[in-house]
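S.K.: Here you go, one structure.
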Amino acid sequence: MTTVPQTRAIATPARDSLRTPLLFLGMGVLLVLTGFLMGANYALLVVNMGLVSAIMALGVNLQWGFAGLFNIGVMGFLALGGLAAVLIAMPPVTEAWAAGGLRILLGLLLGAATVVLLVLLRMRMAPSRRRMAVMIAVGIAGFVLFRRVIDPGIVAVEAVTPAATGYLGGLGLPVLLAWPAGGLLAAGAAWLIGKTALGLRSDYLAIATLGIAEIILAVLKNEDWLARGVKNVIGIPRPVPREIDLQRSPDFVEQAARFGLNAVDASKIWVNLLYMLLILAVLGLVLLLSQLALKSPWGRMVRAIRDNEVAAEAMGKDVTARHLQIFVLGSAVIGIAGAIMVTLDGQLTPGSYQPLRYTFLIWVMVIVGGSGNNWGAILGGLLIWWLWVIVAPLGQLVFGSLATMMPEGSFMAQRLADAGEQMRLLTMGVVLLLVLRFSPRGLIPER
Amino acid sequence: MDLLNALVVFLNFVFVPAVSYGAQLALGALGVTLIYGILRFSNFAHGDTMAFGTAITILCTFGLQALGITFGPLPTALLALPVGIVATALLLLGTDRVVYRFYRERKAAPVILVIVSMGVMFVMNGIVRFIIGVGDVTFADGARFLVSARGFQEWSGLEEGLAIRSSQAITVVTAAIAVALLFWFLNHTRTGKSMRAFSDNEDLALLSGINPERVVAITWIIVAALATTAGVLYGLDKSFKAFTYFQLLLPIFAAAIVGGLGNPLGAIAGGFVIAFSEVMLTYAWRKVVLYALPEGWAPDGLLQLMSTEYKFAVSFAILIIVLLFRPTGLFRGQSV
C-alpha cells in the first residue's frame, strides 16, 4: 500500500510543545466538570473505561498509525482478551472436566493436528492433482474424526448443571494474570490470522479482519462449553477488595469519616481508584514501550515501510515479517485491554460485543486523536469515550423535552424519545467526518 | 421415488433459499462493485445505505397500507420501492456533495476514502435507527406462497413438499429485471458507455470529454436503486433489522471480492457462490441422505458441517481461499 505523501505543517517548536499538555489539561477539566455534575464515582467510572479505551487505541495506533495495517477486527481481539479473564480466573468445574473435559481437549488437539498436517502437506508436496486429492482426503478425515471425538464431550460438559455452569471453567488463578494471558491469546490468534491474511491488499485485509472478528464472536456465543456462550459468565474474581467488605471493616469506615464521606460512597470511590492505578500502570507500560519502539531504528523502519512499501523492500527490509510482527504486537495490546475490560465489568457477555462499539469506535479514537502519535491515541481514547458516554443522556435531555411537545403517544414522540440513544452513533460519525475534513492528522498530529 | 423425494428436499431447503439469498447478495455486491469501479474505494456504508432505503420504503409501505392501498397478491413494498430509491438517491448525492467530493478533488488515497466511509456508516446507522428504531420489522404482505408445500404434495403425490414463498419468487424476478436493466444501460447507452470508459481508464475518459461529476452522480443514483432493491428484497424474504443489515456488509463484500471488485458480472457470480456455500455448509443433510441412500445405510448424525451461526465463517473462508489462489477474484477485477 502506498499513501499520498502528506504535506507537513511547519509548526513553531513553542506551539508544538504546548499543544499536547494543553489538550490533556482541557480533557482533565472536562472530566472534573463531569465529576462535579454527575458525582465523583461516575466520573471515575468514565475515566477508568476511558483509560482502557486508551490502551485499545494504542494497540490500533500501533497497527494503523505506525505500520498502516488496516485491522477492523478489533472486536475479535478484545473478546479473546475477555475470554482469557474467564479461562484464567474462574474456578475449574471439576464435574465438567470429569464428564468430558479431556475428550474436548483431545478433540481440539486432533483438529489442530489436522490443520498442521494440511499445512505441512501443502509445503512438502509438489503442486499437483495428487497433492490436492491427498489434502482433501486428509481434511475430510480429520474433520470427521474431530467431530466424532469432540461432539460427545461437548454434550456431556454442557449437561453439567447448565443453569449455573455447563462449561469447563477456568484455572482458578489470580485475575491479574489474565491480563498478560489475554494479550498472549490475542497475539496467538493474530499470528495465525496474519500468516493467512496479511498478504492481502489493504481493503481486502480490512474485510478479512472484519470477518475474523465475527467468527471469533460466533465461537464465543455458540461454544457453551468454553465460556457459557450467551448465558454469560458472571462473578469473575476481582483484583481489588469488594465494596461490601470495605463497608464492613471498621478501619475503612473510620478513614472515610476522616475525609467526611459516608462508607458506601467512599468504598465505591476507593475501589475505582484502585482499578485506576492498575489500569494506569498497564497504560504507562504500554505507552513507554510504544514510545521507545517508535523512536528506535525498528520504529523508523516500520514507518518507512508504511510510507513507501516498495522503496523499503528495495532497501532490503522484510516487509511481510515486519507486518506480521506489528499485527501480533498491536493485537496483543488490544487483547490486554479486552481482559482489563472484562475484569472491570466482572463478567463476560459475548452478546454485548458489537462492531460499531468495539471496532469502529476505537478507530474513531485513533483518527481523532492523531494516528501515528501515541499521546494522540490516549487523548482520543479518553475524549471519544467521554463523548460516547455523555452524548446519550444529553441527547435524552434534548430530545426528551422535544418529545413532550409532540402529541402524547404519537409516532414522532416515540421516535424522539428513543433518539437520545441513537445520537451516539450520529455524533461519532459527524466527529470523525469533521476531523477527517478539517484536521486530517488528528488533534495531536504525528511528529 | 426416493431419489425424487431427496431432490425435492434439496430444492426446498437448499436450492430455493440459496437462489433468493444469492440474488439479494448479488444486487448488494453490484452496488459495492460499481462504487469501487467508478469512485475507487470500498464503501463500508453500503449495508447502512441498504438499511436506509429499506427503512424509507417500509415507512411508505405502512403509509400506503394505512390508506388502504395494496398491490393485490404482490407485496405493497414494491409500490413503495420507487419512493425509497428516490430518497436513497438524494441521500447519497447529498453525501457525495458534502463528504466525498472534497476527497475526490484532492485525489486522496483510497484508504482515506474507506475511513471516510466509516464515518458515513456511523451517521447513516444513526439516521436509520432514528427513523425506524432498532427492533425487528416485518412488512411483507400479499400472497404468502407461490407454491405451497401441501399443494405441491397433492399435485406430485410425493411425501415431501416443495414450498416457494412469493417473496423468493419476487426476489429472483426483480433481481433479474434489475440486472438486465443495468447491463443494458452499461452496454447500450451513451452514459453507460462513458461510465465503463471512466472505470477502465480515468485519464483517457477525461481527455475524451467525459464529465466526471456526471458519471459519479449517475453511479450514486444506480447504487441507490440497487441497494434499496436489495435491501427491500432481503427484508421481504426475512425481516428488517438495522443491525442485520450492517452485518450483511461481510457476505456482500465477500461476494464482490470473490467475483473481482469492479466487475459487475463477477459480483453476480460471487453473490451466488457465497449464498450457495453458506446454505450448503450450514444445512443438516440428514433428510436428503435418508431418502437418497438405501434403507439401513442411514447415518445417525445430523450431517450438518457447521451450525448456522457460523455462516460468516463460510463467507470468510471462501474469500480467503479465492484470494489465495486468484488474488483479483474469479473474474478479473481491478485493483488500486
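Yeah, the Cβs are placed from backbone N, Cα and C, and that goes for glycine too.
Annotation comment: TrEMBL describes A:21-38, A:44-62, A:69-90, A:96-120, A:132-150, A:170-192, A:204-220, A:269-294, A:324-344, A:356-375, A:382-403, A:423-439 as transmembrane segment.
Distances, neighbours, how buried they are, the whole picture for these features please.
M.R.: Listed as Cβ neighbours of the transmembrane segment (A:21-38) (distance under 8 Å, sequence separation of 6 or more from its ends, same chain) are residues 44, 46-47, 50, 375, 379, 382-383, 386, 390, 443-444.
Long-range contacts of the transmembrane segment (A:44-62) within its own chain (CB-CB distance under 8 A, at least 6 residues past either end) are made by residues 31, 34-35, 71, 74, 77-78, 269, 272-273, 275-276, 279-280, 282-283, 286-287, 290, 326, 329-334, 336-338, 340-341, 344, 362-363, 365-366, 369, 371-374, 376-378, 380-382, 384-386, 389.
Same-chain neighbours of the transmembrane segment (A:96-120): 135, 138-139, 141-143, 145-146, 149-157, 159-160, 165-169, 225, counting only residues six or more beyond its ends whose CB sits under 8 Å from a CB of the stretch.
With a cut-off of 8 Å between Cβ atoms, the residues of this chain six or more beyond the transmembrane segment (A:132-150) that come close are 103-104, 106-108, 110-111, 113-115, 117-118, 121-122, 125.
For the transmembrane segment (A:170-192), the list of distant contacts is 76-77, 80-92, 216, 236-239, 278, 282, 324, 327-336, 338-340, 342-343: same-chain residues at least six beyond its ends, Cβ to Cβ under 8 Å.
Sequence-distant contacts of the transmembrane segment (A:269-294) (same chain, at least 6 residues past either end, Cβ-Cβ under 8 Å): 40-41, 44-45, 47-48, 51-52, 54-55, 58, 61-62, 66, 176, 179, 239-243, 246, 252, 261, 333, 336, 340, 344, 374, 378.
Residues 48-49, 52-53, 55-56, 58-60, 62-63, 66-67, 69, 71, 74, 77-82, 84-86, 89, 175, 178-187, 189-191, 193-195, 198, 236, 238-239, 275, 278-279, 282, 286, 302 of the same chain lie 6 or more positions beyond the ends of the transmembrane segment (A:324-344) yet place their CB under 8 Å from a CB of it.
Long-range neighbours of the transmembrane segment (A:382-403) within the same chain, counting only residues 6 or more positions beyond its ends whose Cβ lies under 8 Å from a Cβ of the stretch, are 27, 30-31, 34, 46-47, 49-51, 53-54, 361, 364-365, 368-369, 412-414, 416-417, 419-424, 427-428, 431, 443.
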